[in-house]
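TrEMBL annotations:
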type: REPEAT; residues: 152-186; note: repeat 'PPR'
type: REPEAT; residues: 222-256; note: repeat 'PPR'
type: REPEAT; residues: 257-291; note: repeat 'PPR'
type: REPEAT; residues: 292-326; note: repeat 'PPR'
type: REPEAT; residues: 327-361; note: repeat 'PPR'
type: REPEAT; residues: 362-396; note: repeat 'PPR'
type: DOMAIN; residues: 386-493; note: domain 'Pentatricopeptide repeat-containing protein-mitochondrial'
type: REPEAT; residues: 397-431; note: repeat 'PPR'
type: REPEAT; residues: 432-466; note: repeat 'PPR'
type: REPEAT; residues: 467-501; note: repeat 'PPR'
type: REPEAT; residues: 502-536; note: repeat 'PPR'
type: REPEAT; residues: 537-571; note: repeat 'PPR'
type: REPEAT; residues: 572-606; note: repeat 'PPR'
Amino acid sequence: MKPYKILKHQNPKPFILIPHQRSLFSALSSSTSDQSQSPSSEISPDVLVESARSSQWHFIKHLSPNLDSSLISTVLLNLHKTPELALQFTSHVEFHRLDIKTRCLAIAVASRLPSPKTTLNLLKRTVSSDIAGVAVIFDELALARERLGISTTILFDLLIKACCEMKRVDEGLECFYMMKDKGFIPKIETCNALLSTFLKLNRTESAWVLYAEMFKMRIKSSVYTFNIMINVLCKEGKLKKAKDFIGFMENLGVNPNVVTYNTIIHAYCSRGRVEGARFVLNAMRSKGIQPDSYSYSSLISGMCKDKRLEEASEMFEKMKEMGLVPSAVTYNILIDGYCNEGDLGKAFRYRDEMVEQGISPTVSTYNMLVHALFMECKMDEADDLVKEMEEKGLSPDQITYSILINGYSRCGNVKKAFSFHDEMLTKGIQPTRITYTSLIYALSKRNRMTEADNLFEKIMKKGVAVDVIMFNALIDGHCANGNMERAFSLLKEMDKLNVPPDDVTYNTLMQGHCREGRVEEARELLDEMKRRGIKPDHVSYNTLISGYSRRGDMKDALRVRDEMLSTGFNPTLLTYNALIQGFCHNQEGDIAEELLKEMISKGITPDDSTYLSLIDGMGNIDQSVESCNSC
């Protein structure tokens, strides 16, 4: 072969043309000059392989639209021993443009890389593209595997894992059975991925079916497998079976670990069975497995939910004595517990302690404290806490804004509530249904029903899924403002949208009718709610009793009281006050006094309203006597 000449210029610099580059330039010129012929037929695989090896990617990218699948496949086969290079070639010829056969060959080549991440990513792109079903993808991967002489089942295992990560677990299971039909045994990690996805999707029955299949195929379970199945039992509420499962795994030669016991402890605590969790903790210790921070955090959480705050604090101190470092989550559990009990002093002391320990309060920490301050109408302190939160570089989240909007709505500061609504929209944070309900509530309480209706229409147009609580807030506003027609139109709208009304809906409408003296209509609503399968509560009956009493229809009031007793509801202070007021108004003070004695005997303490009704009743009797004497 003759050597190429060195071209000389004014400032001579050597520029050597490599043979494969000449072929490539020739291919490029032919592809641009003669479009009537198929350029890919004039480009040899060797040219592309050499171009890839010398990183001539811009030339390959230029040619990519004219490269057919056969040519690309040949290049991939030639580059399969250097998968990094093959992968670069694939990216420059645009993976998404390849047919399913070529894609699967590229994926098979990529599976030779040390890390499975790239292969997994390509598989997910292929499955999500819907270029072919998983059965076709599986078959094409099998063919590619044979062409490359790959002996492992990694391609099939990764295909199943890709389906699991995409929450397409049924397709993953389909691949599992295809592996079984071909005589391949999936790795235990693959089986665990399927089991774990079924668990996350709350498909516990499917998890058991798969687990039984694994047993038939003699796939040996790992401790992770057993932990998943114990979690499945816990999710099904079968806590005793979950404990017994530990013995089953031990019989199979697999020792439980701290995660095994923590799963059961957490399940007991989340169901309020703290003593059962303590028993599991002791069993754990007896096996020589030391509880960790998660074990104690679960117990502390269970105690806080059960309002056993002193025990929770003691457990927390014991945890620290053992050298276990509490996390922000543990502190937040205690802070939340004391906030719910209204003990803000203790809640803030735990916040200060976590700061002293070098643990930064989270957005959740601030949310709980801000909410607790609003519950006590300490708006200024809540505002200061939000400022402190932002000063520490923490951005308010959707929950923070919901708390602020709800807090100011309840306190009647509609302007401030809407300013936070506008602020969250500016920051790109979408309001929740709870947020909108709070705003509707605030407008309703300020008699701004036109604005409340407009906001409701806006929410509907946005596609927000409205619920019974939002409807109830709007219905309550219209009932309080005497617009019963609009209130009932909302009830019809609930039926259209398949939002079932509840006892609060009907109680609100009954109160609206009674407020206008239309007690018979309210009584009809009580019967209607029964027909709908909604059980009336003491509020329902007290509303009617109060309505009849105000009108002086004491026989009907007592009839409702008897009905209330027959359904298992005992009279409350409101019941007695309504009846006493009615009898006093009817100048039947002796019956009112008997009712007073009855309520005291039942342990119900009279309030100011009770005595005022009696005093008013006595005044009416005196006036009546004076009128009779003057006759």
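Cβ coordinates come from backbone N, Cα and C, glycine included.
Mapped onto DSSP classes, the repeat 'PPR' (537-571) shows 27 helix, 0 strand, 8 coil. Beyond the ends of the repeat 'PPR' (152-186), by six or more residues, the same chain brings 107-108, 111, 116, 119-120, 123-124, 127-128, 133-135, 137-138, 141-142, 144-145, 193-194, 196-198, 201, 203, 206, 210, 213, 217, 219 to within a C-beta distance below 8 angstroms of the stretch. The repeat 'PPR' (397-431): residue composition by secondary structure is 26 helix, 0 strand, 9 coil, according to DSSP. The domain 'Pentatricopeptide repeat-containing protein-mitochondrial' (386-493): residue composition by secondary structure is 82 helix, 0 strand, 26 coil, according to DSSP.
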